There are 2 protein chains.
Amino acid sequence: MIIGLVQKLKNDFEIDFKRPELLDEAFTHASYVNEHPKEHLKYYERIEFLGDAVMQLCVSEYLYRRYPGMSEGKLSRLRAAMVCEDSFSKFAKECNFDEYIRLGKGEEKANARQRPALLCDIFEAFIGALYQDQGKKAVEEFIAKVVFPKLDLGWFDHLLDHKTELQELLQEKGEVTITYDEVADLGPEHDKMYTMAVSADGKVLGTGSGHSKKEAEQVAANAALKSLK
Amino acid sequence: MIIGLVQKLKNDFEIDFKRPELLDEAFTHASYVNEHPKEHLKYYERIEFLGDAVMQLCVSEYLYRRYPGMSEGKLSRLRAAMVCEDSFSKFAKECNFDEYIRLGKGEEKANARQRPALLCDIFEAFIGALYQDQGKKAVEEFIAKVVFPKLDLGWFDHLLDHKTELQELLQEKGEVTITYDEVADLGPEHDKMYTMAVSADGKVLGTGSGHSKKEAEQVAANAALKSLK
């Protein structure tokens with residue numbers, strides 16, 4: 001069994017694994033299995049196959065509900081940015097999953113333990129193990145701690161239209177007039193910095209600055225969203 | 001509301017939709033919405049986004065459990081063949097979903113109703129609606145009727161290794177000796193037809209023919225699998 005992992009999941013995420021052998025499978029690379037032929041170990045690829053699909057659905061469902069007015073195209077782009085090697089490898093590192101991977105000696109020497117592709121695989125494999133052990137709700141609770149907060153931390157802001165999101169949120173409770181007003185434009189002509197304020201029925205909800213009015217409006221809308229949530 | 005669809009789903013699949021408005025959304029194309037601006041309709045793209053992810057997980061999970069010894073690579077290829085435009089459009093036609101799509105006049109004239117890409121979208125959108133209305137179990141029951149039987153009907157045989165599947169099934173209950181023996185080779189040298197028999201511990205389980213011994217063995221293994229199930 002992989003030492004310390006069960007306890008770590010309990011401490012960090014209050015996850016109590018019933019079948020730790022699923023974790024062994026999820027954190028074992030093929031190179032390790034090949035070096036230990038007598039142990040009849042499983043490596044993570046099959047369980048990763050499952051975990052990948054679980055992540056696709058959980059993230060899709062979350063985005064679908066969180067952004068009720070977002071177009072399919074935007075939802076797809078946002079999902080693609082969240083469900084990808086770059087993001088998953090960062091989540092795996094954040095959870096210190098890299099410390100628990102069982103690797104063959106050759107791969108270890110080649111520093112595979114820090115390779116984003118492997119870290120991404122391990123993250124998906126862990127999700128597959130958690131799903132099999134405790135079902136979809138447990139996965140949702142885990143990614144509510146590890147994945148979804150990144151939306152509020154701005155990881156995917158380049159894909160989000162905060163103005164639309166704010167409009168949808170405010171108009172859920174009926175008609176409201178949203179206005180964006182210039183508060184200031186500072187700096188020289190070639191490098192101007194604009195500050196915009198967003199108001200709902202005349203009440204200022206947030207301000208933001210940027211090198212264009214458009215950018216400043218997005219920052220203001222995001223500030224308003226944060227203050228409202 | 002789309003006439004007849006709720007009743008049809010009840011009759012054909014014993015599905016009792018609680019929120020038929022989800023079906024309206026799933027079966028309405030953007031071109032129809034554009035032609036009826038006053039009705040404030042939703043079109044299927046967002047719900048299709050959800051349904052696509054639901055299908056990915058349900059099919060992945062089914063394959064993962066049904067083929068416990070299949071490699072990740074094979075699972076992925078099999079899933080890709082099942083979760084694709086070609087397959088989904090056929091499932092949609094089989095369910096007569098094409099009859100219920102709400103299309104704009106231009107699209108109707110262009111015969112979009114029979115376009116595989118649209119039929120595929122509608123199938124995914126329906127899955128998204130069913131998932132939202134009744135959860136994952138209801139989707140699994142539906143695709144157990146419409147999708148999974150295609151595996152036994154041979155739709156994906158070109159991707160399946162029946163010999164491996166048979167071996168896994170037989171060895172679940174302990175060690176067993178599986179042998180393939182030539183029963184006959186008929187026809188001229190350049191167009192020979194081989195017949196092979198597969199046996200477990202000496203007992204013949206099935207026979208099969210093909211233009212190579214390898215092909216005949218696969219057919220024999222598939223026959224054995226069918227007789228055992």
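Any Cβ shown, glycine's included, is placed from N, Cα and C.
A:E48 is the only one of A:E39, A:E45, A:E48 that TrEMBL places in the Mg(2+) site (with A:D121, A:E124). Of all the binding-site residues given, namely A:E48, A:E124, the one with the smallest number of surrounding CB atoms inside 10 A is A:E48. With an 8 Å limit on C-beta distances, the binding-site residues from A:E48, A:D121, A:E124 that reach chain B are A:E48.
Averaged over the domain 'DRBM' (A:161-229), the predicted model has a pLDDT of 88. Long-range C-beta contacts of A:D121 (Mg(2+) binding site), restricted to its own chain and to partners at least six residues apart, with a cutoff below 8 Å, comprise A:Y44, A:E45, A:E48. Rounded to a whole number, the C-alpha distance linking A:E124 (Mg(2+) binding site) with A:D52 (active site) is 5 angstrom. Of all Cβ atoms in the shown protein chains, 23 besides its own fall within 10 Å of the Cβ of A:D52 (active site).
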